Each structure stands twice: as C-alpha cells, then as structure tokens.
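If you look up TrEMBL, you'll see 157-245 marked as domain 'SH2'. Among the features that TrEMBL reports, active site is placed at Ser319.
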Amino acid sequence: MRSSCVVLTALVALAAYYIYIPLPNSVSDPWKLMLLDATFRSAQQLSNLIHYLGLSHHLLTLNFIIISVGKKSAWSSAQVKVTDTDFDGVEVRVFEGPPKPEEPLKRSVVYIHGGGWALASAKIKYYDELCMEMAEELNAVIVSVEFKFNSSDHSTWYMGPMSCQEAQAKLQGQLHSMFLVYDSSTYPRDYVLSVYENSWVSHYIINSLPNHCFKIRDQEFGHLPALLEFYKTHYLNTTTLIEPVPSSEDYSTVCPELKNSGQCIEYRKWSPWRYRLVPKVYFPEQIHDVVRATKYFLQPEVLQKYSVDPGRIGISGDSAGGNLAAVLCQQFSQDVNLKKKLKVQALIYPVLQALDFNTPSYQQNVNIPILPRHTMVKYWVEYFKASYDFVQAMVVNNHTSLDEEEATALRAHLNWTSLLPASITKNYKPVVQTTGDARILQEIPQLLDARSAPLIADQEVLKHLPKTYILTCEHDVLRDDGIMYAKRLESADVEVTLDYFEDGFHGCMIFTRWPTNFAVGIRTKNSYIEWLDRNL
C-alpha cells in the first residue's frame with residue numbers, strides 16, 4: 001500500500017512538473033492554458049518521434065492527431081444549413097444562416113482557418129462551431145475554406161494495378177486511414193466502393209449500366225468521378241474504389257500472380273484528408289487555393305444560388321488564415337478585372353511578416369503558449385520549404401542584417417520603434433545585426449515577398465484596402481504584427497478597428513466550449529462577431 005502511494009505521488013509530481021509553465025498573471029485561465037499547452041506539446045513530441053523514426057512527416061502526424069480528435073461532420077441545425085462542397089476544385093464548408101423576409105439577400109464572410117499553413121481543418125469542431133455561430137447571429141452565408149481536391153490529378157490518388165496483397169499493404173501503411181480492407185478483389189467490369197460509416201466498413205457494388213452510367217445502391221451517376229465526388233462530401237474518412245481490369249486478357253500482364261484465379265484489381269485510393277497544406281504543398285499554393293475559391297464564390301450565379309448580396313462580402317481568417325486573408329485582400333484590391341470588391345477584411349491575430357522576430361511581442365512572449373517564437377519561425381521555414389538549419393539564425397534576425405540591402409529597403413515598413421506606441425515598446429530594444437547569413441535570403445527570397453508578408457506591402461497597395469478589423473492579444477508573439485499593420489493602414493487612410501485583449505493569447509478565439517472554454521475566448525469571439533454585424 002505504501003509503495004503504491006509512493007508511485008502515485010511520484011506520477012502526480014511528474015505530471016505537475018510536465019504541465020506547469022510560468023505564465024503572466026494577466027493571462028486568461030492560466031491553469032487551463034497550461035493543460036491545453038501540455039496536451040499540444042505531447043502531440044508535438046509524439047509527432048516528432050514518429051518523424052525521427054522515419055515513419056511519417058511530423059506535420060502530417062500532428063495534423064492527423066488534431067483532425068482525429070476534433071473532426072466534425074457537416075450537421076445542419078434548425079437555424080443553419082451546413083453543406084460540404086467545392087468551389088472550382090477547392091473544398092469548402094458552407095454555412096447558410098436563417099432567411100429573413102425583410103432581407104432576401106444575405107451578407108457573407110469567406111473564412112480561412114489558421115494552423116501555420118500546415119495544420120487544422122475547416123471540418124474540426126472549433127472552426128465548425130465558430131462558423132455556425134457566425135452564420136446564425138449574422139444571418140449570413142459563411143464559406144469556410146478547406147483545401148483543394150483536383151480529381152484530374154491522378155498522381156495523388158491513383159496507384160495503378162496491384163494485387164489484393166499489395167492493396168492491403170498500401171492501406172496498412174496509410175497513417176491517416178481509419179480502416180483496413182482485407183481480401184479486396186473483384187472480377188472484370190465490377191466496381192466496389194468501400195466507405196467508413198457508423199464505425200463499420202461498408203462495401204457497395206457499383207453496377208455498370210448499358211447507358212454508360214454507374215449505379216450504386218439506388219443512385220445513378222453519369223461517370224465515376226461524379227460518384228466519388230458525392231461520396232467524398234458525405235463520408236469524411238478514407239474511401240477506397242476497387243476497379244476491375246477491362247478484360248480477362250489483361251490478367252497476365254497486370255496481375256501475373258493471379259492469372260489463374262480470375263481475380264485482379266486496380267486500386268484507387270482517394271482520401272479527403274490530403275490537404276493542400278504543408279508539407280504537401282508550399283508557398284504560394286495555399287494563396288492560389290483561397291483566391292481560386294473566393295473568385296468562384298464571387299461569380300453572379302454562385303452568389304444568386306446562396307442568396308448573397310454582392311455588396312456585402314468580407315474576407316476573414318485567424319493566424320496563418322489571417323495572413324492568407326490579408327494577402328487575398330491586397331491582390332483583389334489590385335485586380336482591375338475583378339468587378340466585385342470585398343467590403344471588409346477581419347484579421348484575427350494574423351501572421352504578417354517574417355523579417356523581424358524580435359519585436360517587443362516576440363521578445364516578451366518568447367515561450368508563451370500556444371505559439372512560442374521558435375515554433376512560429378519553424379512554421380515559416382516549413383511554409384517556404386527551407387532548411388531547419390536557418391531557424392536559429394532567423395530567431396536572432398541574421399536574415400535581415402544591415403548588409404542585406406534588399407531587407408534594408410523594407411525596414412521602414414516594419415520599423416516598430418516608430419509604428420508601435422510607447423506603452424508597447426517599453427524598454428525593448430531592436431535586434432539589428434550588422435552582418436548576417438547571406439545564404440538565408442538567397443535560398444528563401446520569399447521572405448521579401450509581400451504575398452507572404454502583407455505588412456511590407458507598398459503604401460499604394462494599402463490605400464485601396466477595405467474597412468479593416470484586426471484583433472490582437474497581449475500574450476501573443478504576433479501582437480505587434482497586427483498593431484503595425486493597423487498603423488500602416490491608418491496612414492493609408494483606411495478605416496481600421498484595432499481590438500486589443502490584455503488577457504488574450506494566440507488562438508484563444510476558437511476556445512469557447514468545454515473543456516477548452518476560456519473567458520477571453522468568449523469575449524474575443526463576441527467582439528469579432530459584433531464588429532462584423534455593425535460593418536458588413
């Protein structure tokens with residue numbers, strides 16, 4: 001009994017040691033934030049271990065954990081209709097608020113989720129619940145951008161002919177798969193679709209009809225991609241299409257080991273979890289996806305379908321999603337061919353620059369969860385498909401030293417000694433290296449691209465931007481990015497609302513439901529929605 005008490009005490013002490021981190025007294029719900037941080041750190045460390053063992057990329061594993069825990073299907077409520085669809089190949093989740101007789105046309109927000117350009121999903125509960133509430137309270141259509149699925153890109157989902165054993169091995173090797181298919185084989189001209197539903201794997205025979213259509217259960221489709229697209233929107237887990245070879249004559253060349261068995265398959269694996277995120281794609285592909293989806297949505301026939309007022313459309317996003325929203329807004333403001341302009345942009349603790357990782361907020365919040373400085377720099381490096389060898393040099397601003405002429409020319413755009421108020425700068429000193437590592441800008445020229453760092457855009461670009469809302473938090477390395485952007489927009493005569501939360505931390509706005517409900521999360525969400533209600 002005594003030994004059990006000793007072991008239990010030791011375990012509790014170890015858990016407390018792992019969970020506890022020093023936090024400022026002013027941060028909201030500090031113990032709850034410690035628990036959230038410990039959970040996220042555990043997932044990161046597990047992902048790093050799997051990466052070290054060579055089993056999978058750490059970001060793929062971490063994203064798998066996040067989505068597995070938080071994934072939510074497209075369930076409509078009595079007030080809000082929720083559907084999963086795609087806009088020009090970019091998958092979106094659409095939330096349609098309740099109709100009002102006095103307002104036949106609704107306002108709309110295109111929302112881009114955060115996650116360091118690598119993590120999260122529009123289909124996890126945090127973003128689903130946020131957009132659901134926005135749609136209901138604003139009586140709006142919320143388009144939550146997910147990722148791109150291009151059915152013509154066979155390289156991502158078509159693996160060619162293989163035997164049953166090979167197909168089984170492939171499925172067993174997929175970390176993001178929710179099930180395994182055993183002995184999956186079929187005869188010529190028969191198709192089988194396997195889907196994961198209600199904790200079971202169901203196998204449906206697809207019949208080829210004389211009119212060249214395909215029938216599954218009681219539904220007919222004109223071609224297989226249409227059938228796959230339908231099941232993609234209704235089943236969020238891995239879907240497997242088992243396709244027969246065209247004729248028995250092909251057996252000997254396609255599956256020689258099954259020549260005499262009369263069974264051979266072509267295996268096609270389609271997974272709606274193949275995000276257009278790092279490390280699958282890198283800058284600027286994420287920008288292309290959100291631009292493509294938004295332009296599709298702005299088409300008159302699409303706006304008419306969703307009963308959206310073309311003069312009341314805004315763009316919004318949090319963290320890296322705020323970065324993409326700001327970039328999109330700048331591009332749209334310069335697009336002379338774009339007839340419909342955005343009415344507002346709302347940026348939630350946005351990532352806006354990668355040239356100075358020693359602003360006062362970076363120095364003050366260097367180890368504050370859930371986004372320590374070192375982690376933010378790594379996200380930038382991953383986004384640009386660069387080497388981790390540069391991380392430490394970038395942390396001390398070796399990439400923007402005085403001997404780097406290109407960086408020096410942009411310094412005024414993020415000179416925080418003049419852009420930030422004295423209440424923010426306090427006694428912090430700029431970190432400017434005389435000489436740095438020239439290799440960094442040579443290998444990562446994207447650091448100087450306004451498409452990655454909208455804060456460094458020219459004043460001529462900024463002056464055409466719409467009314468802007470920027471939410472910042474005291475305990476966030478990105479606080480000063482938002483404040484400096486607000487100051488630059490004001491100098492360009494753009495109407496700006498800077499919403500500052502003294503007890504806020506990065507990511508707090510999506511944490512509003514038990515067990516991750518934070519008081520500041522509820523207040524930031526309410527303030528954000530209220531601003532949209534008044535200005536959109």
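Even glycines carry a Cβ here, placed using N, Cα and C.
A coil conformation is recorded for Ser319 (active site) in the three-state DSSP classification, outside any helix or strand. As a whole-number mean, the pLDDT of the domain 'SH2' (157-245) in this prediction is 57. For the residue listed as 'active site', the same-chain residues that are 6 or more apart in sequence and have a Cβ closer than 8 Å to its Cβ are Gly114, Gly115, Gly116, Ile348, Tyr349, Pro350, Val351, Leu371, Leu478, His506, Gly507.
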